[in-house]
Amino acid sequence: MSSPSKRREMDLMKLMMSDYKVEMINDGMQEFYVHFHGPNESPYHGGVWKIRVELPDAYPYKSPSIGFINKIYHPNVDEMSGSVCLDVINQTWSPMFDLVNVFEVFLPQLLLYPNPSDPLNGEAAALMMRDRATYEQRVKEYCEKYAKPEDIGAATEEKSSDEELSEDEYDSSDEQVAGKADP
């Protein structure tokens, strides 16, 4: 049987050899970012998110910690911290799963089939249950505002200031500094 560190290396290499862009956070293999594209046939299609992955020392026996760095509007994702409420990752994790499963199965399923009865974002859950069309429009607005492919590089820097800001309006000034200035 292989050690957890060998398995961690093997899973990370498998993820890097797949179609996902992986950015290491430091010299170790325990923290990294993965660029994740919203699934087709969903209001998240066209969005790109930077996902922070942290592998515990006991990986694969203990689940990875997964969080969205740039904002996403979803009942099962905390809007401010980006933490994910996902049973497979948080409670039913098994060493049979690997990192590719997280990005090819678990996260796409989360976005395709939100669970408004177990929310981390109560506003998104309530809107989804009350008015699905308006909910999907809000999802698309967030994709356009926070998850454009060209914005993903700036997501890391924006996250640290997002925690200090509570109003969405302040984010637009951050984007103008990093992007094109409006005339």
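In case you wondered, yes, glycine gets a Cβ from its N, Cα and C as well.
Copied from TrEMBL, the annotated features are:
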- C85: active site, glycyl thioester intermediate (ACT_SITE)
- 150-159: compositional bias 'Basic and acidic residues' (COMPBIAS)
- 160-174: compositional bias 'Acidic residues' (COMPBIAS)
- 1-148: domain 'UBC core' (DOMAIN)
- 150-183: region 'Disordered' (REGION)
- Task: Provide the number of Cβ atoms within 10 Å of the Cβ of C85 (active site, glycyl thioester intermediate), excluding the reference atom itself.
- Result: 18
- Under the DSSP assignment, what numbers of helix, strand and coil residues are found in the domain 'UBC core' (1-148)? 56 helix, 24 strand, 68 coil
